[in-house]
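Residues or ranges marked as domain 'Glycosyltransferase family 28 N-terminal' by TrEMBL: 7-145. Under the heading UDP-N-acetyl-alpha-D-glucosamine binding site, TrEMBL lists 14, 15, 16, 128, 169, 201, 297. Taken from TrEMBL, the feature domain 'Glycosyl transferase family 28 C-terminal' applies to 194-345.
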Ligand SMILES: CC(=O)N[C@H]1[C@@H](OP(=O)(O)OP(=O)(O)OC[C@H]2O[C@@H](n3ccc(=O)[nH]c3=O)[C@H](O)[C@@H]2O)O[C@H](CO)[C@@H](O)[C@@H]1O
(Lines of atoms letter the chains of each structure in order from A and count residues from 1; the text may use other names and numbers.)
(Lines give C-alpha, C1' and ligand atoms only; values in the text may rest on other atoms or scores of the structure.)
Protein backbone atom coordinates (compact mmCIF):
# COMPACT_ATOMS: atom_id res chain seq x y z
CA UNK A 1 0.00 0.00 0.00
CA UNK A 2 1.39 3.44 -0.87
CA UNK A 3 2.37 5.62 2.10
CA UNK A 4 0.41 8.76 1.14
CA UNK A 5 -2.96 7.04 0.94
CA UNK A 6 -6.16 9.12 1.50
CA UNK A 7 -8.56 7.62 4.00
CA UNK A 8 -12.05 8.90 4.71
CA UNK A 9 -13.60 7.81 8.01
CA UNK A 10 -17.18 8.54 8.97
CA UNK A 11 -19.05 7.74 12.14
CA UNK A 12 -20.41 9.47 15.19
CA UNK A 13 -23.40 10.72 17.06
CA UNK A 14 -22.25 9.03 20.27
CA UNK A 15 -18.93 7.89 21.69
CA UNK A 16 -19.86 4.35 20.69
CA UNK A 17 -19.32 5.22 17.03
CA UNK A 18 -16.58 7.84 17.50
CA UNK A 19 -13.98 5.95 19.56
CA UNK A 20 -13.84 2.92 17.23
CA UNK A 21 -13.28 5.36 14.35
CA UNK A 22 -10.45 7.09 16.22
CA UNK A 23 -8.87 3.75 17.18
CA UNK A 24 -8.87 2.68 13.51
CA UNK A 25 -7.37 6.03 12.46
CA UNK A 26 -4.61 5.72 15.06
CA UNK A 27 -3.66 2.23 13.86
CA UNK A 28 -3.55 3.45 10.23
CA UNK A 29 -1.32 6.38 11.27
CA UNK A 30 0.96 3.99 13.10
CA UNK A 31 1.39 1.85 9.99
CA UNK A 32 1.33 4.71 7.46
CA UNK A 33 2.55 7.96 9.07
CA UNK A 34 2.03 9.82 5.78
CA UNK A 35 -1.58 8.73 5.34
CA UNK A 36 -4.06 11.61 4.96
CA UNK A 37 -7.06 10.96 7.16
CA UNK A 38 -10.26 12.99 7.00
CA UNK A 39 -13.30 12.40 9.21
CA UNK A 40 -16.87 13.20 8.26
CA UNK A 41 -19.35 13.61 11.12
CA UNK A 42 -22.69 15.23 11.88
CA UNK A 43 -22.73 18.95 12.66
CA UNK A 44 -23.38 19.71 16.37
CA UNK A 45 -22.60 16.14 17.46
CA UNK A 46 -19.92 14.96 19.86
CA UNK A 47 -17.50 13.98 17.09
CA UNK A 48 -16.99 17.64 16.10
CA UNK A 49 -15.24 18.07 19.48
CA UNK A 50 -13.73 14.62 20.11
CA UNK A 51 -12.15 14.02 16.69
CA UNK A 52 -10.08 17.26 16.61
CA UNK A 53 -9.07 16.53 20.24
CA UNK A 54 -7.65 13.24 18.94
CA UNK A 55 -5.66 15.18 16.32
CA UNK A 56 -7.73 14.63 13.15
CA UNK A 57 -9.59 16.94 10.76
CA UNK A 58 -13.35 16.60 10.53
CA UNK A 59 -16.06 18.03 8.31
CA UNK A 60 -19.69 18.13 9.45
CA UNK A 61 -22.81 17.15 7.49
CA UNK A 62 -26.27 18.56 8.24
CA UNK A 63 -27.87 15.23 9.12
CA UNK A 64 -29.82 13.63 11.94
CA UNK A 65 -31.82 10.48 12.45
CA UNK A 66 -35.42 9.93 11.60
CA UNK A 67 -37.71 9.90 14.66
CA UNK A 68 -40.33 7.21 15.23
CA UNK A 69 -43.00 9.88 15.92
CA UNK A 70 -44.20 12.66 13.62
CA UNK A 71 -42.03 15.64 14.54
CA UNK A 72 -40.77 18.85 12.95
CA UNK A 73 -37.34 17.20 12.83
CA UNK A 74 -38.75 14.47 10.59
CA UNK A 75 -40.20 17.01 8.19
CA UNK A 76 -36.71 18.41 7.62
CA UNK A 77 -35.14 14.95 7.19
CA UNK A 78 -35.43 14.74 3.35
CA UNK A 79 -33.79 18.17 3.01
CA UNK A 80 -31.01 17.19 5.38
CA UNK A 81 -30.43 13.95 3.52
CA UNK A 82 -30.19 15.64 0.12
CA UNK A 83 -27.94 18.34 1.56
CA UNK A 84 -25.69 15.71 3.20
CA UNK A 85 -25.43 13.57 0.08
CA UNK A 86 -24.47 16.65 -1.89
CA UNK A 87 -21.89 17.77 0.66
CA UNK A 88 -20.47 14.23 1.00
CA UNK A 89 -20.06 14.15 -2.79
CA UNK A 90 -18.17 17.45 -2.72
CA UNK A 91 -15.89 16.24 0.08
CA UNK A 92 -15.16 13.03 -1.81
CA UNK A 93 -14.42 14.86 -5.09
CA UNK A 94 -12.00 17.15 -3.30
CA UNK A 95 -10.34 14.66 -0.93
CA UNK A 96 -10.21 11.75 -3.42
CA UNK A 97 -10.20 8.95 -0.83
CA UNK A 98 -8.62 5.62 -1.72
CA UNK A 99 -10.89 3.91 0.79
CA UNK A 100 -13.89 4.92 2.94
CA UNK A 101 -14.60 3.45 6.38
CA UNK A 102 -17.90 3.78 8.28
CA UNK A 103 -18.37 3.10 11.96
CA UNK A 104 -22.10 3.78 12.22
CA UNK A 105 -24.17 6.84 13.06
CA UNK A 106 -26.10 9.00 10.64
CA UNK A 107 -23.23 10.82 8.93
CA UNK A 108 -21.69 7.56 7.73
CA UNK A 109 -24.78 6.84 5.57
CA UNK A 110 -24.45 9.65 2.98
CA UNK A 111 -20.64 9.46 3.10
CA UNK A 112 -20.41 5.76 2.31
CA UNK A 113 -23.24 5.85 -0.24
CA UNK A 114 -21.41 8.55 -2.16
CA UNK A 115 -18.04 6.79 -1.85
CA UNK A 116 -19.66 3.61 -3.14
CA UNK A 117 -21.19 5.44 -6.12
CA UNK A 118 -17.74 6.66 -7.08
CA UNK A 119 -16.46 3.06 -6.90
CA UNK A 120 -14.24 3.75 -3.92
CA UNK A 121 -13.68 0.61 -1.78
CA UNK A 122 -15.78 0.73 1.40
CA UNK A 123 -15.74 -1.06 4.75
CA UNK A 124 -18.09 -0.72 7.70
CA UNK A 125 -17.56 -1.72 11.28
CA UNK A 126 -20.62 -2.80 13.27
CA UNK A 127 -20.16 -2.65 17.03
CA UNK A 128 -23.43 -4.18 18.26
CA UNK A 129 -25.08 -7.59 18.36
CA UNK A 130 -28.04 -5.86 16.66
CA UNK A 131 -26.89 -3.49 13.90
CA UNK A 132 -28.00 0.12 13.67
CA UNK A 133 -30.14 1.29 10.77
CA UNK A 134 -27.32 3.08 8.91
CA UNK A 135 -25.12 0.01 8.81
CA UNK A 136 -28.05 -2.26 7.92
CA UNK A 137 -28.75 -0.07 4.89
CA UNK A 138 -25.08 0.13 3.95
CA UNK A 139 -24.46 -3.62 4.32
CA UNK A 140 -25.63 -4.44 0.78
CA UNK A 141 -23.41 -1.82 -0.86
CA UNK A 142 -20.08 -2.02 0.97
CA UNK A 143 -17.29 -4.51 0.30
CA UNK A 144 -16.50 -5.61 3.86
CA UNK A 145 -18.32 -5.67 7.19
CA UNK A 146 -16.24 -6.08 10.36
CA UNK A 147 -18.38 -7.28 13.28
CA UNK A 148 -17.99 -8.07 16.97
CA UNK A 149 -20.69 -10.71 17.48
CA UNK A 150 -21.74 -14.03 15.92
CA UNK A 151 -24.92 -14.63 13.89
CA UNK A 152 -25.06 -11.33 12.02
CA UNK A 153 -25.87 -13.11 8.71
CA UNK A 154 -29.51 -12.18 9.45
CA UNK A 155 -28.64 -8.59 8.66
CA UNK A 156 -25.64 -8.65 6.35
CA UNK A 157 -24.48 -10.72 3.34
CA UNK A 158 -22.51 -13.59 4.94
CA UNK A 159 -19.66 -13.45 2.41
CA UNK A 160 -18.77 -9.89 3.48
CA UNK A 161 -18.71 -10.49 7.24
CA UNK A 162 -15.43 -10.74 9.15
CA UNK A 163 -15.48 -11.19 12.94
CA UNK A 164 -12.82 -8.87 14.30
CA UNK A 165 -14.32 -7.52 17.54
CA UNK A 166 -14.65 -3.85 18.40
CA UNK A 167 -11.66 -1.53 18.28
CA UNK A 168 -10.65 -0.44 21.77
CA UNK A 169 -8.14 2.19 22.79
CA UNK A 170 -4.75 0.58 23.08
CA UNK A 171 -4.06 2.25 26.44
CA UNK A 172 -6.53 -0.19 28.03
CA UNK A 173 -4.24 -3.12 27.29
CA UNK A 174 -1.82 -2.00 30.01
CA UNK A 175 -4.18 -0.99 32.82
CA UNK A 176 -2.81 -3.64 35.18
CA UNK A 177 0.44 -1.68 35.47
CA UNK A 178 -1.36 1.61 36.16
CA UNK A 179 -2.93 1.01 39.58
CA UNK A 180 -0.69 3.40 41.50
CA UNK A 181 -0.88 6.19 38.90
CA UNK A 182 -4.66 5.74 38.78
CA UNK A 183 -5.06 5.81 42.56
CA UNK A 184 -3.03 9.01 42.74
CA UNK A 185 -4.88 10.56 39.80
CA UNK A 186 -8.32 9.94 41.33
CA UNK A 187 -7.00 10.60 44.89
CA UNK A 188 -8.52 7.42 46.28
CA UNK A 189 -8.13 5.75 49.63
CA UNK A 190 -7.15 2.22 48.66
CA UNK A 191 -8.09 0.78 52.04
CA UNK A 192 -11.60 1.06 50.59
CA UNK A 193 -13.00 -0.66 47.51
CA UNK A 194 -13.73 1.49 44.45
CA UNK A 195 -16.92 1.30 42.43
CA UNK A 196 -16.80 2.85 38.95
CA UNK A 197 -20.20 3.85 37.57
CA UNK A 198 -20.49 4.43 33.82
CA UNK A 199 -23.57 5.73 32.05
CA UNK A 200 -22.20 5.38 28.50
CA UNK A 201 -20.76 8.30 26.61
CA UNK A 202 -23.80 10.51 27.24
CA UNK A 203 -24.60 9.47 30.82
CA UNK A 204 -27.78 7.69 31.90
CA UNK A 205 -30.60 9.18 33.97
CA UNK A 206 -31.72 5.87 35.51
CA UNK A 207 -28.18 4.94 36.55
CA UNK A 208 -27.74 8.40 38.09
CA UNK A 209 -30.94 7.93 40.09
CA UNK A 210 -29.71 4.49 41.15
CA UNK A 211 -26.45 5.91 42.49
CA UNK A 212 -28.24 8.79 44.20
CA UNK A 213 -30.62 6.37 45.94
CA UNK A 214 -27.75 4.15 47.10
CA UNK A 215 -25.27 6.73 48.39
CA UNK A 216 -25.91 5.84 52.03
CA UNK A 217 -25.65 2.14 51.20
CA UNK A 218 -22.26 2.66 49.48
CA UNK A 219 -21.01 4.65 52.46
CA UNK A 220 -22.07 1.89 54.86
CA UNK A 221 -20.27 -0.68 52.69
CA UNK A 222 -17.14 1.49 52.81
CA UNK A 223 -17.12 1.94 49.04
CA UNK A 224 -15.67 4.90 47.19
CA UNK A 225 -17.61 5.81 44.06
CA UNK A 226 -16.28 7.30 40.84
CA UNK A 227 -19.51 8.36 39.20
CA UNK A 228 -19.63 9.42 35.53
CA UNK A 229 -23.02 11.08 35.31
CA UNK A 230 -22.89 12.57 31.77
CA UNK A 231 -22.60 16.15 30.57
CA UNK A 232 -26.38 16.60 30.48
CA UNK A 233 -26.79 15.66 34.14
CA UNK A 234 -23.71 17.20 35.71
CA UNK A 235 -25.41 20.37 36.99
CA UNK A 236 -28.03 18.24 38.71
CA UNK A 237 -25.61 15.84 40.41
CA UNK A 238 -22.38 17.81 41.00
CA UNK A 239 -23.63 18.68 44.53
CA UNK A 240 -22.72 15.11 45.56
CA UNK A 241 -19.06 15.98 45.20
CA UNK A 242 -19.45 17.23 48.80
CA UNK A 243 -20.62 13.78 49.85
CA UNK A 244 -18.12 11.53 51.61
CA UNK A 245 -16.52 8.86 49.35
CA UNK A 246 -18.12 10.14 46.12
CA UNK A 247 -16.68 11.92 43.12
CA UNK A 248 -19.00 13.02 40.34
CA UNK A 249 -17.65 13.56 36.82
CA UNK A 250 -19.50 14.70 33.73
CA UNK A 251 -17.15 12.68 31.50
CA UNK A 252 -13.97 10.70 32.18
CA UNK A 253 -11.15 11.55 29.83
CA UNK A 254 -8.82 9.03 31.46
CA UNK A 255 -10.82 5.85 31.07
CA UNK A 256 -7.71 3.68 31.34
CA UNK A 257 -7.03 5.05 34.83
CA UNK A 258 -10.68 4.78 35.87
CA UNK A 259 -10.76 1.13 34.83
CA UNK A 260 -7.36 0.49 36.44
CA UNK A 261 -8.49 1.62 39.86
CA UNK A 262 -11.97 0.09 39.86
CA UNK A 263 -12.72 -2.98 41.96
CA UNK A 264 -16.31 -3.19 40.67
CA UNK A 265 -18.01 -1.60 37.68
CA UNK A 266 -21.64 -0.73 37.07
CA UNK A 267 -22.14 0.11 33.41
CA UNK A 268 -24.50 0.61 30.50
CA UNK A 269 -24.03 -2.08 27.84
CA UNK A 270 -23.13 0.00 24.80
CA UNK A 271 -21.00 -2.04 22.41
CA UNK A 272 -17.62 -0.39 23.01
CA UNK A 273 -18.18 -0.34 26.76
CA UNK A 274 -18.81 -4.09 26.67
CA UNK A 275 -15.69 -4.74 24.54
CA UNK A 276 -13.59 -2.56 26.83
CA UNK A 277 -14.92 -4.30 29.94
CA UNK A 278 -13.86 -7.67 28.48
CA UNK A 279 -10.29 -6.39 28.20
CA UNK A 280 -10.41 -4.79 31.65
CA UNK A 281 -11.46 -8.09 33.30
CA UNK A 282 -13.18 -6.88 36.50
CA UNK A 283 -16.55 -7.79 38.09
CA UNK A 284 -19.27 -5.94 36.19
CA UNK A 285 -22.96 -5.35 36.76
CA UNK A 286 -24.63 -4.27 33.52
CA UNK A 287 -27.65 -1.98 33.56
CA UNK A 288 -28.52 -1.94 29.84
CA UNK A 289 -30.48 0.91 28.31
CA UNK A 290 -33.93 -0.35 27.26
CA UNK A 291 -34.38 2.76 25.08
CA UNK A 292 -32.13 1.84 22.15
CA UNK A 293 -33.09 0.25 18.83
CA UNK A 294 -34.30 -3.35 19.20
CA UNK A 295 -33.16 -3.35 22.84
CA UNK A 296 -29.63 -4.11 21.56
CA UNK A 297 -27.89 -3.20 24.85
CA UNK A 298 -29.76 -5.99 26.64
CA UNK A 299 -28.61 -8.36 23.87
CA UNK A 300 -25.00 -7.11 24.19
CA UNK A 301 -25.12 -7.68 27.96
CA UNK A 302 -26.90 -11.04 27.71
CA UNK A 303 -24.13 -12.38 25.47
CA UNK A 304 -21.71 -11.82 28.39
CA UNK A 305 -24.08 -12.78 31.21
CA UNK A 306 -24.99 -16.08 29.49
CA UNK A 307 -21.30 -16.98 29.65
CA UNK A 308 -21.21 -16.41 33.45
CA UNK A 309 -18.96 -13.42 32.82
CA UNK A 310 -21.00 -10.54 34.30
CA UNK A 311 -24.21 -9.80 36.19
CA UNK A 312 -27.14 -7.82 34.85
CA UNK A 313 -29.80 -5.76 36.62
CA UNK A 314 -32.47 -4.55 34.23
CA UNK A 315 -33.88 -1.04 34.64
CA UNK A 316 -37.22 -2.58 35.60
CA UNK A 317 -35.51 -4.43 38.49
CA UNK A 318 -33.31 -1.68 39.90
CA UNK A 319 -34.83 -2.13 43.37
CA UNK A 320 -32.85 -5.42 43.57
CA UNK A 321 -29.52 -3.69 42.89
CA UNK A 322 -28.30 -3.35 46.48
CA UNK A 323 -28.99 -7.04 47.20
CA UNK A 324 -27.14 -8.14 44.04
CA UNK A 325 -24.23 -5.80 44.76
CA UNK A 326 -23.94 -6.76 48.44
CA UNK A 327 -23.85 -10.46 47.65
CA UNK A 328 -21.13 -9.85 45.03
CA UNK A 329 -19.14 -7.82 47.57
CA UNK A 330 -19.17 -10.76 50.01
CA UNK A 331 -18.34 -13.42 47.40
CA UNK A 332 -14.66 -13.20 46.46
CA UNK A 333 -14.87 -16.44 44.43
CA UNK A 334 -17.65 -14.95 42.31
CA UNK A 335 -15.65 -11.76 41.80
CA UNK A 336 -12.70 -13.83 40.56
CA UNK A 337 -14.71 -16.06 38.26
CA UNK A 338 -16.57 -13.11 36.71
CA UNK A 339 -13.25 -11.32 36.13
CA UNK A 340 -11.64 -14.36 34.50
CA UNK A 341 -14.68 -15.27 32.38
CA UNK A 342 -15.22 -11.76 30.99
CA UNK A 343 -11.52 -11.45 30.18
CA UNK A 344 -11.69 -14.65 28.11
CA UNK A 345 -14.21 -12.94 25.82
CA UNK A 346 -11.81 -10.10 24.97
CA UNK A 347 -10.74 -9.58 21.36
CA UNK A 348 -7.74 -7.29 21.92
CA UNK A 349 -6.43 -7.40 18.34
CA UNK A 350 -9.67 -6.04 16.82
CA UNK A 351 -8.21 -2.73 15.66
CA UNK A 352 -5.25 -4.42 13.97
CA UNK A 353 -7.52 -7.00 12.31
CA UNK A 354 -9.80 -4.26 10.94
CA UNK A 355 -6.88 -2.31 9.54
CA UNK A 356 -5.57 -5.55 7.95
CA UNK A 357 -8.91 -5.71 6.11
CA UNK A 358 -8.57 -2.06 5.05
CA UNK A 359 -5.10 -2.86 3.69
CA UNK A 360 -6.47 -5.75 1.66
CA UNK A 361 -9.04 -3.42 0.06
CA UNK A 362 -6.32 -1.11 -1.22
CA UNK A 363 -3.52 -3.63 -1.73
CA UNK A 364 -3.41 -2.74 -5.44
CA UNK A 365 -2.21 0.81 -4.68
C1 LIG B 1 -27.82 5.63 24.29
C2 LIG B 1 -27.20 5.07 23.06
O3 LIG B 1 -27.61 5.33 21.94
N4 LIG B 1 -26.19 4.22 23.25
C5 LIG B 1 -25.50 3.58 22.14
C6 LIG B 1 -24.14 4.23 21.97
O7 LIG B 1 -23.56 4.11 23.26
P8 LIG B 1 -22.32 4.90 23.80
O9 LIG B 1 -22.04 6.11 22.99
O10 LIG B 1 -22.48 5.04 25.25
O11 LIG B 1 -21.21 3.86 23.37
P12 LIG B 1 -20.37 2.71 23.96
O13 LIG B 1 -20.84 2.20 25.24
O14 LIG B 1 -20.25 1.73 22.83
O15 LIG B 1 -18.97 3.45 24.14
C16 LIG B 1 -18.78 4.47 25.03
C17 LIG B 1 -17.39 4.97 24.83
O18 LIG B 1 -17.25 6.18 25.53
C19 LIG B 1 -16.14 6.08 26.38
N20 LIG B 1 -16.38 6.91 27.56
C21 LIG B 1 -17.53 6.78 28.26
C22 LIG B 1 -17.75 7.54 29.37
C23 LIG B 1 -16.75 8.46 29.77
O24 LIG B 1 -16.88 9.19 30.74
N25 LIG B 1 -15.62 8.53 29.07
C26 LIG B 1 -15.39 7.80 27.96
O27 LIG B 1 -14.35 7.93 27.34
C28 LIG B 1 -16.02 4.61 26.72
O29 LIG B 1 -14.73 4.30 27.17
C30 LIG B 1 -16.36 3.99 25.39
O31 LIG B 1 -15.25 3.96 24.54
O32 LIG B 1 -23.39 3.57 20.93
C33 LIG B 1 -23.17 2.17 21.15
C34 LIG B 1 -22.35 1.64 19.97
O35 LIG B 1 -23.05 1.72 18.78
C36 LIG B 1 -24.49 1.43 21.34
O37 LIG B 1 -24.24 0.08 21.66
C38 LIG B 1 -25.28 2.10 22.45
O39 LIG B 1 -26.53 1.47 22.63
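Note that the numbers count up from 1, one per residue, in the order the chain is shown.
For all residues, glycine too, the Cβ spot is worked out from N, Cα and C.
As a whole number, the greatest separation of Cα atoms within the UDP-N-acetyl-alpha-D-glucosamine-binding residue list 14, 15, 16, 128, 169, 201, 297 is 21 Å. Shown for the domain 'Glycosyltransferase family 28 N-terminal' (7-145): DSSP residue counts in helix, strand and coil, namely 64 helix, 27 strand, 48 coil.
Around residue 128 (UDP-N-acetyl-alpha-D-glucosamine binding site), the C-beta neighbours below 8 angstroms that are at least 6 residues distant in the chain are 148, 149, 271, 296, 299, 300.
Only 15, 16, 128, of the binding-site residues 15, 16, 128, 169, place a Cβ under 6 Å from an atom of ligand 1.
In the three-state DSSP classification, residue 169 (UDP-N-acetyl-alpha-D-glucosamine binding site) falls within coil. Sorting the binding-site residues 14, 201, 297 by the number of other Cβ atoms within 10 Å puts 297 first.
Each of the binding-site residues 15, 16 was assessed for Cβ neighbours inside 10 Å, and the highest tally belongs to 16. Long-range Cβ proximity for residue 169 (UDP-N-acetyl-alpha-D-glucosamine binding site), meaning a same-chain Cβ under 8 A and a gap of 6 or more residues, is found for 19, 22, 23, 255, 256, 276. DSSP assigns residue 201 (UDP-N-acetyl-alpha-D-glucosamine binding site) to coil, not to a helix or a strand. Classification of residue 297 (UDP-N-acetyl-alpha-D-glucosamine binding site) by DSSP places it within a helix.
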